[in-house]
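J.: Encoded as structure tokens, here's the structure I'll be asking about.
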Amino acid sequence: MAQPATPQTIDPQSAADPVLSARPENRVWKKFRSHKSAMLGGFLVGFFILMALMAPILPIPDPVATDWGAVRKAPSAAHPFGTDEIGRDVLSRLVWGARASLMAGVVSVGIALLAGVPLGILAGYFGGWTDSVISRCTEALLAAPFLILAIALAAFLGPSLGNAMIAIGLSATPIFIRLTRGQVISVKAEDYVEGAHATGLPTHRILTRYIFPNILPPVLVQATLTIATAIIAEASLSFLGLGQQPPAPSWGSMLNTAKNFLSQAPWMALWPGIAIFLVVLGFNLLGDGLRDALDPREH
Amino acid sequence: MSDVILRATGLRKHFRTGGGMFARQSTVRAVDGVTLDVRRGETFAIVGESGCGKSTLARLLMRLLEPTDGRIDFDGRDISDLKGRDLRDLRREMQFIFQDPFSSLNPRMSVGRLVAEPLETHHPQMGREERREEVARLLGIVGLRPEHADRYPHEFSGGQRQRIGIARALASRPRLVIGDEPVSALDVSVQAQVVNLLHDLKAEFDMTLVIIAHDLAVIRHMSDRVAVMYLGQIVETGTTDDIFAHPRHPYTMALLSAIPEPVHGRARTRLALSGETPSPANPPSGCRFHTRCPFAREDCAQRVPELRPAGPGGQHAACHYWEEIAAERPDAGTPPAHERKPQAAARFALYEAAIDRLNDRPETAVNAGANDMTQQEEDRR
């Protein structure tokens, strides 16, 4: 084959397509914006977060103030969502309860990420006996159902919202260990990681600059979806009396008391139920949308 | 010998595969006893078909893989057992260019950071501003522009990405660069640009180049010496001119006869090989090439050939019968690159002038012209 006579100059300027010249983050955002259900999820989540943040300044009664003159009243102008068995405003408890639920979801997933991602990276990157020890422990934890494990841990730690978060976080950790480990193993085999070795980068740099950013997208998606699971778990623990302690409001504990009055005061159960449903739906839609937006195959 | 910059002695790499509960474990002898010298300042090419172990060899030479056996000396120092800090320091001297420019750059780092990274690692005393200037200079050297530093790899074409890879490899000022098929993933026109770039940089930076390739045309253009690999072993080595003019090993002959020649009306007997490459997990006995060699004799299956002198210019071939085969096939080589006729030369000059004018135009414009040429070449086959 004759070498085509080519000049010693270069690929002229930018071959970059103007449409593609956006940073990866921008393209993800653009794609996310066009995803209708993801936007709905984002809206729901945003709504509840806003509600939780604004609880102190909203014109609602004190969530723990009792009123013996208004016990188990049906929704009315004074109490739009009704009152509970000791005359507390259900709307107010719902708004304040969002704080417990969202906190529980975010903090427990935060705990799971902090514990799971580093362990997963260790197991996936170094392999060998490190991997064997971490993976066997992970599998042992995964053998127990998520909620049962959370209940057992919460019971062991003692009933409080903080302990419930720790229990839920630890129960969710194995999911993140396993996900991270798998991602690290696949990213580790990429040419650019071998390139990092060839460049002579120290291990900590390879981990922080090459492995971590490239495993992040699926971990973020999983985190969003796990927040939904964690919110349900917190509600379950509170329902069982292992989470938020009375009189502080939480959706789970509101359901717990409401179950005794289902026929007389169904609104006591209805509102927290709807709230849990909507926030969980929101996080799930958000997670699905993120997964689609971050999917590199469709870039 | 001080003119040898890189020496491999009896290098072996065996991979174990399988070995599950029910599967029998087998050993793939990817590289099986390779000895070679790379001289300071030369371009040394390693050629062979896919699966012959040339990429594994490149990674062994780079110490990206641990050799099963054998020793590697860089600049007179045994580097086979370097670890940790020492190994990282070695990377300053030895750099690697990858085959696939699409997968070998971290997609989450900007070009500027990619090129700055070796500087941060190997020249930590360099200030931020100084480093930025050096990155801009490196980008300029490989034919990119300083403002490209803020972009991400996915915004570039294959040829441009390979230039980024080259800039990154050059950043630490290595004395030896090993390229694992650095142009085989690129368009033909861009291949030539990158080959020429490497050639110029080699002179400018006073480097030694080791190029792995399966394309002999690329090799001929840029290398001083060649080693031909078959099934994990070197079967022939010598200067590029010697190998192309009078190949001694039947495998080299077959490789050469597979190069299409852009000369009208020139008939040449092709030496076609039959059969598949044997598995390196279970290589043939004796001479590994005997199962496909058209000249194989009976004892080729028993006796293992060693590399032995096969010409005055330091050419060596691992074949028991190269003398007889050479007598039988005097036309096995390829003629030196032919002279252009005056009309053709004039046309090429016009083409080059036109390309110069296109400097600031997008790469696709250049590609379109080159693709036409490739098409014409294929028509002639």
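The backbone N, Cα and C atoms fix where each Cβ goes, and this holds for glycine too.
According to TrEMBL, the protein has these features:
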TRANSMEM  A:37-58  transmembrane segment
DOMAIN    A:98-287  domain 'ABC transmembrane type-1'
TRANSMEM  A:102-128  transmembrane segment
TRANSMEM  A:140-158  transmembrane segment
TRANSMEM  A:164-180  transmembrane segment
TRANSMEM  A:219-244  transmembrane segment
TRANSMEM  A:264-287  transmembrane segment
J.: Taking the transmembrane segment (A:37-58) as the reference, which of A:140-158, A:219-244, A:264-287 gives the largest number of Cβ pairs under 8 angstroms?
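T.: Between the candidates A:140-158, A:219-244, A:264-287, the best contact partner of the transmembrane segment (A:37-58) is A:264-287.
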J.: Cβ pairs under 8 Å with the transmembrane segment (A:164-180): which stretch of A:102-128, A:140-158, A:219-244 has the most?
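T.: Of the candidates A:102-128, A:140-158, A:219-244, A:102-128 scores highest.
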J.: Any contact between the transmembrane segment (A:140-158) and the transmembrane segment (A:102-128)? By contact I mean 3+ C-beta pairs closer than 8 Å, pairs at least 6 apart along the chain.
T.: no
J.: Is the transmembrane segment (A:219-244) packed against any residues at least 6 beyond its ends, judged by a Cβ distance under 8 Å, and which are they?
T.: 97, 100-102, 104-106, 108-109, 112-113, 117, 146-147, 150-151, 154-155, 159-161, 163-165, 167-169, 171-172, 175-176, 179-180, 183, 250-253, 255-256, 272, 276, 279-280, 283-284, 286-287, 290-291, 294
